[in-house]
Amino acid sequence: MGIKNNVTEFVLFGLFQSRKMQHVCFVVFSLFHVLTVLGNLLVIITINASKTLRAPMYFFLSHLSFADVCYPSATTPKMIADTLVERKTISFSGCMSQLFSAHFFGGTEIFLLTAMAYDRYVAICRPLHYTTIMDRRKCGLLAGASWVAGFLHSILQTLLTVQLPFCGPNEIDNFFCDVHPLLKLACADTYVVGLIVVANGGMISLVSFIILIISYVVILWNLRSRSSESRHKALSTCGSHIITVLLVLVPPMFMYIRPSTTLAADKLVILFNIVMPPLLNPLIYTLRNNEVKNAMKKLFRVKGSLGEK
C-alpha cells in the first residue's frame with residue numbers, strides 16, 4: 001500500500017493570535033530582516049572588495065554571512081506576510097521546501113562555525129605552519145564540506161518527514177514548518193523517526209558545541225605564553241566566535257536534542273535562533289574587528305569619491 005496522504009496544505013498558527021501583536025510583529029521583523037540582509041551583504045561586499053581582508057578567517061566569514069542572508073530568508077518573509085492575513089496556510093510542497101531550506105542553511109552555519117574555529121586554532125596554536133596548513137585549497141575544501149554537510153543534514157530531515165502519512169488534522173502551532181510539529185501531525189508511529197531526528201539534529205548541535213568549546217579552551221590555554229598585545233588580539237577574535245557559537249548552537253540543542261515533543265517555548269526559541277544570530281553577526285564581527293571596520297571605511301570613501309566625479 002502507498003502512503004496515505006490527505007493533506008495538501010497546512011494551517012500555521014503564527015506567533016500571536018492578537019491582531020495588534022501581529023501588526024507589531026510585521027513592523028519589527030520587517031525591520032530586522034532588512035537590517036539582516038543589508039548588514040550581511042555589506043560584510044560580503046567589503047571582504048570581496050578589500051585587498052587587506054584576504055586571510056582565511058574572512059573567507060569563512062563571507063560564507064557565514066551568505067548563510068546568514070539565506071537562513072532567515074527561508075522563513076521570515078512568509079512569517080511577515082502571514083501577519084497581514086487571517087488564515088495562514090502553506091502548501092504541502094511549500095512546507096517541505098521551507099523545512100529543507102531552514103535546516104540546510106542553519107546546518108551549514110553550524111559547520112562553518114566549526115571550520116572557523118579550526119582556522120583560529122591553527123592560527124594561534126601553530127602560527128609557524130598557518131599559511132601552509134590553511135592554504136586556499138584547504139579553505140575551499142572546508143567551506144565546501146560545510147555546505148555539503150548542511151545539505152546532507154537537511155535532506156535527511158526532509159526525506160524522513162516527507163515520507164510520513166498525513167491524514168489530518170493539518171494545523172501547525174508554529175510560524176513555519178519544522179520537524180517536531182510535523183511529526184506530531186503524522187498519522188503513524190514516529191518514534192524511530194524522532195530518534196533519527198534527535199541524532200541528526202540535536203546530536204550534531206551538541207557535538208559541534210563540545211568540539212567548539214574544547215577548541216577555544218585549548219586556544220585560551222596556549223595564549224598564556226603570548227605577549228599581552230597578541231593575547232588581546234586573539235581574545236578579541238575568539239570572543240566574537242564564542243558569542244556567535246552560543247547564539248547559534250544553544251537554541252538548536254534545546255529544540256532537537258530531546259524526543260519528538262513540542263513545548264510552549266519552542267516558537268520563541270527557534271524564532272530567536274532564526275532572527276538574532278544573522279542580525280547580530282555583522283555587528284559582532286565588525287565592531288570588534290578593526291581590520292573589517294577600516295576596510296568598510298575605505299570602501300565608503302572610494303564610493304564617495306566616485307560619486308563626486
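Any Cβ shown, glycine's included, is placed from N, Cα and C.
Among the features that TrEMBL reports, domain 'G-protein coupled receptors family 1 profile' is placed at 39-285. As annotated by TrEMBL, transmembrane segment applies to 24-47, 99-118, 139-156, 191-223, 235-257, 269-287.
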(message) With CB pairs under 8 Å as the measure, which of the listed stretches 24-47, 139-156, 191-223, 269-287 comes out on top against the transmembrane segment (235-257)?
(response) 191-223
(request) Count the Cβ pairs between the transmembrane segment (269-287) and the transmembrane segment (139-156) that lie under 8 angstroms and are 6 or more residues apart in sequence, then report whether there are at least 3. (result) no
(message) Mean pLDDT across the domain 'G-protein coupled receptors family 1 profile' (39-285), rounded to an integer, is what?
(response) 90
(message) Cβ under 8 Å, sequence separation of at least 6 from the ends of the transmembrane segment (139-156): give me the contacting residues as numbers and ranges.
(response) 56, 59-60, 63, 100-101, 103-112, 114-115, 118-119, 196, 200-201, 204
